[in-house]
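These come from Swiss-Prot:
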MOD_RES   ALA2  N-acetylalanine
MOD_RES   LYS13  N6-acetyllysine
MOTIF     24-27  motif 'G-site'
DISULFID  CYS24-CYS59  disulfide bond
DOMAIN    93-233  domain 'GST C-terminal'
MOD_RES   LYS119  N6-acetyllysine
MOD_RES   SER121  phosphoserine
MOD_RES   LYS131  N6-acetyllysine
MOD_RES   SER156  phosphoserine
MOD_RES   SER211  phosphoserine
MOD_RES   TYR233  phosphotyrosine
Amino acid sequence: MAEEQPQVELFVKAGSDGAKIGNCPFSQRLFMVLWLKGVTFNVTTVDTKRRTETVQKLCPGGQLPFLLYGTEVHTDTNKIEEFLEAMLCPPRYPKLAALNPESNTSGLDIFAKFSAYIKNSNPALNDNLEKGLLKALKVLDNYLTSPLPEEVDETSAEDEGISQRKFLDGNELTLADCNLLPKLHIVQVVCKKYRGFTIPEAFRGVHRYLSNAYAREEFASTCPDDEEIELAYEQVARALK
């Protein structure tokens, strides 16, 4: 007889109305992990301005997101992800870890470059900061268009050409995608709204990657509304003057 699954509840940051999902890439990351695991779970949005007594008791520190697994409370996004990967494992649940270590680090500096770009108010620095963001996106594009070791046929003398895989580590979403995609989505929304910047069409690997991701419910349905992201960055994004 199959072991009964413990109750799983993810507590995430609420949006501006105190109810819908707010802007938080860490919350979305864990939301995606649970969805991909195929486990039954609940998501509770927490209004950071009006925390309920239940939330205060469960997590006095108030750090979001946090996970209730049975009666255990888990905090820290990285540790929660490790815990879920260890507890919700094969044969009942899929393994989500990437096979290639490079998949876990590719594109991770994009968010830092984006933050520097969007927080800058000095027009004289704008071009260089934009170039820094473009360079980071180019590194990701190179990784996405380069064949993974398992895509290379060592017996063939022909050049393998451009990878056509859907995601960072292959044709299935992994933990690496759960980490990167929520941040890439924020970059797209915020840069377009506050800088009129869009990811260049020349970065075909990145565009293919995002297109494949938005076609997956686990990503598209866990994204906060664009308005929530724009609102979160309203005070962060500095006007050039």
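Each residue, glycine too, has its Cβ placed from N, Cα and C.
What you see is a predicted model, and the numbers here were worked out from it, not measured in a lab.
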Same chain, 6+ residues apart, C-beta under 8 Å of the C-beta of CYS24 (disulfide bond), given in sequence order: VAL12, LYS13, LEU64, PRO65, PRO224
Other CB atoms within 10 A, centred on LYS13 (N6-acetyllysine): 20
Spatial neighbour of TYR233 (phosphotyrosine) that is closest, considering only the modified residues LYS119, SER121, LYS131 and their CA atoms: LYS119
Among LYS119, SER121, LYS131, which are recorded as modified residues, the nearest neighbour of CYS59 (disulfide bond) by Cα: LYS119
Spatial separation of LYS131 (N6-acetyllysine) from LYS119 (N6-acetyllysine) - C-alpha basis, Å: 15
Inter-residue Cα distance where the pair is LYS131 (N6-acetyllysine) and SER121 (phosphoserine), in Å: 16
Alpha-carbon distance [SER211 (phosphoserine); LYS131 (N6-acetyllysine)] in Å: 24
